[in-house]
Each structure stands twice: as C-alpha cells, then as structure tokens.
Amino acid sequence: MSHGTYYECEPRGGQQPLEFSGGRAGPGELGDMCEHEASIDLSAYIESGEEQLLSDLFAMKPTPEARSLKGPGAPSFPHYLPADPRPFAYPSHTFGPDRKALGPGIYSNPGSYDPRAVAVKEEPRGPEGNRGTSRGSYNPLQYQVAHCGQTAVHLPPTLAAPGQPLRVLKAPVAAAAPPCSPLLKAPSPAGPSHKGKKAVNKDSLEYRLRRERNNIAVRKSRDKAKRRIMETQQKVLEYMAENERLRNRVDQLTQELDTLRNLFRQIPEAASLIKGVGGCS
C-alpha cells in the first residue's frame, strides 16, 4: 500500500506553521507507524464559503426581544421564543407529583412557553436541608410501625419543611392493625376475674373494709391450721399412751399365766387333770 498520498493545506492568514521540537520522522519511520492506515483527502469539502459562513454566525448579535428575557449577567442566546403577554401567577406548590397546580393552559399552547414556568427542584444545602429531605423521604421503618404496631404515622402529601416535625398519633389497641409477625402478637386480654376489678383509693372506706376482711380471713385460716396441727399432735400422744397401756397389759397377763403354770406343776392331781384335759382335747 502506498504511503506517499499525504496532502498539505495552504496556511491561512494569521496562522503560524506548527513546529515540533523533535525532528521530522523519515519515510521509513512513518511507514512503520502507519502501516495499515489510509489517508483521505478533505480538501474537496473545504471551501472559502465555509469560512465566511462561520464568521457570519459568530458575528451575529442577539435581537432586543431576546435581551428582554435575560438578566444583566446572563449570556446572549439569539434563539429565545417571545415571552407570553399573559400575567403568570406562581403557584404555592410547583414540584412533586401534583403537576395540576401549574394551570391547565400552560402546555396547551406551544407558542406561549415561558422558561419561568418550568419548576426546577433544588437540592438542599447544609445539614438542615438534609434533615428535611430525610424526613420527607420514604422510610420502611415508618411503614412497619404503621402496620405492625399500635402507632399510626401521618405524613403530609408534600415534602416536610426542615423545621416541621412529623405527627405521631397513638391509636387504641382495639383499633390497631393485626400484627404481621407472630413475635409481635398483641397481649391477650385478662380473664373474667380481672374484668370487674377497678382502681380504689387507699384512703377510702371501701378499701379499708376490704383490707380488714382480708386480714380477718387470713387470721382465721392461720388459726384453723394451728388447731389442726394441735389436734394431730394430741391424737398422736393419745395413740402412744394407748399403745403403752396395751403393752403393760400384755406383760401383766403373761406373768399371770406363768404363775398359774407353776402352781399346777406343784400339785400332782392337778397335773394329771391337766394331762387328761390335754389328752381329751
């Protein structure tokens, strides 16, 4: 492939030829660098009329109508649309999902475009703006609290102001939403014995009478238990005495039996009678 088809443009007026610090590379070095490249001649697309067109574009000045739409420090742009002669009233809320606040006829007529009517959301600056944004943003914890607990969080439809706190309202337990987790179950109501219980003032007569009745009942139960214990101990003592008396009786009868046997052994007739009675029996 030939590498000699390079073109040099004629230097324009007021331009200095570029000079490189290094020496110009030889044909051999250029051939090594651009081995697989092709050069395109662009001189056919460049004419003298193009330079005049560019100079006319840069020399164009903005119209007085365009200047009226800009401030004193704004850059000059000649392609502004004419301003809307109708008076524009700024709405109180021009950002967020509520776009109807801008008015129904803003976008109906394409020729009545006013750059001031476009609502631009500004990012908060400083720590106060960050706190306001964080309050107005969606928080999954608030959703969980509103659906799983007895607390209802009411958020305003618009973004909350930096100094405006959120309102937290306590809802009754009966009207609260059912718990979404088995760990967050509502406490079961008390039994029927606790339903009729009411708070009584300790200085009232009813409270004193109730305490006195309770004390009397406690004393009666304690006395009854003591009586049962004493009765049991008395019965134990009685049984022990009866047992001792029976043992003494048994010993006495045993001694009498031994005495009678000795007497009958000393008398021979009595001994024969005893033997005869023993044989007949």
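Note: Cβ is positioned from N, Cα and C throughout, glycine not excepted.
Cross-referencing Ser181, Ser188 with Swiss-Prot, the residue annotated as phosphoserine turns out to be Ser181. According to Swiss-Prot, the feature region 'Disordered' maps to residues 1-30, out of the candidate ranges 1-30, 121-150.
Among the ranges 48-69, 70-91, 246-267, the one that Swiss-Prot lists as region 'Leucine-zipper' is 246-267. Residues in the region 'Leucine-zipper' (246-267) partition by DSSP class (helix H, G, I; strand E, B; coil) as 21 helix, 0 strand, 1 coil.
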